[in-house]
Ligand SMILES: Nc1ncnc2[nH]cnc12
Ligand SMILES: [Zn+2]
């Protein structure tokens, strides 16, 4: 008998919106705290999990930055990324483009090479052991200054071969894309891809300005673009990829319930939607869980699910050869189940 959940598990998947610091599960947080002699303000893993109730993005970010403090050594960053790659392998996520936030660590005195070396070692092992391909996207924290972002870009220059692009994350309210125009222009000059969180909590104008002023090739979240009909038409016509994160939007109260998520409307308008997990350790599930829950809630057909997976392949920064392999794997799985 056709089992849709099994189909979603087995189909080749690509993730384009995942913060590695947001994949830090409470168990690993406690393990690293112990290893680094840090006392967490929670008595147990259960206590910590109970604290994961958020009314908005900022409440989440406060806990997320606090949690990241257990990350101190290259081995810690390796262990963090390795745990995520193991989940990818389990769930058949075959290509992933991972955000990391160097300023969260350099502000605490951790060297950028400590972060990057640990992440790169995990990526190399994920390829040799699991055949998973991965790219890293370095995000600037928008609550910090553009000067700090420029300093970060300068510090990353020796490691640019490990970084496919730059992104923009953290508090959207009060920190619009135009604040980072110069550093994004510098990143473009260096040949880096550009993406930005926009229209998550902030207005549709942030989506338009990220596109226009930062010259991004993907919008992260973008759900609030729906408030501007002209913009929606332009995004759809250009097939600008939107990396939508359904569980995140529910946990951060962008929407009250998954059933109220605007995903069906976004698809109906012809937007280039992809499904992603954002910060799975904090939001209750990985890419597979997001896809399975959405497919149940919105009664998606196997063809629709395969199309969403193909959207992620098309929007990825993988090589053309890798894209073609991934696309073929998706088609094969669909053919097998039809
Ligand atoms: N959902 C999100 N929005 C903005 N910044 C983030 N950093 C980690 N997760 C984020
Ligand atoms: Zn995000």
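Using the three backbone atoms N, Cα and C, a Cβ is placed for every residue, glycine included.
Note: TrEMBL annotation is automatic and uncurated.
All protein chains considered, the CB of residue 200 (active site, proton donor) has 24 other CB atoms within 10 Å. Under the DSSP three-state reduction, residue 200 (active site, proton donor) is assigned to coil, being neither helix nor strand. The feature active site, proton donor is assigned by TrEMBL to 200.
Feature annotation from TrEMBL assigns Zn(2+) binding site to 17, 19, 197, 278. Over all protein chains present, the Cβ of residue 19 (Zn(2+) binding site) has 26 other Cβ atoms lying within 10 Å.
Under the heading substrate binding site, TrEMBL lists 279. In this view, residue 279 (substrate binding site) is surrounded by 26 other Cβ atoms within 10 Å of its Cβ, with every protein chain counted.
Annotated domain 'Adenosine deaminase' per TrEMBL: 13-332, in sequence order.
Cβ neighbours within 10 Å of residue 221 (site 'Important for catalytic activity'), excluding its own Cβ and spanning all shown chains: 28. DSSP assigns residue 221 (site 'Important for catalytic activity') to a strand in the three-state reduction. The annotation site 'Important for catalytic activity' is assigned in TrEMBL to 221.
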Out of 200, 221, 278, 279, which recorded positions lie by ligand 2, with a C-beta less than 6 Å from some atom of it?
278
Whole-number Å only: compute the distance from the Cα of residue 200 (active site, proton donor) to the Cα of residue 17 (Zn(2+) binding site).
13
When the Cβ positions of the recorded positions 19, 221, 278, 279 are compared with the atoms of ligand 1, which fall under 6 Å?
19, 278, 279
For residue 221 (site 'Important for catalytic activity'), which of the binding-site residues 17, 19, 197, 278, 279 has the nearest Cα in space?
197
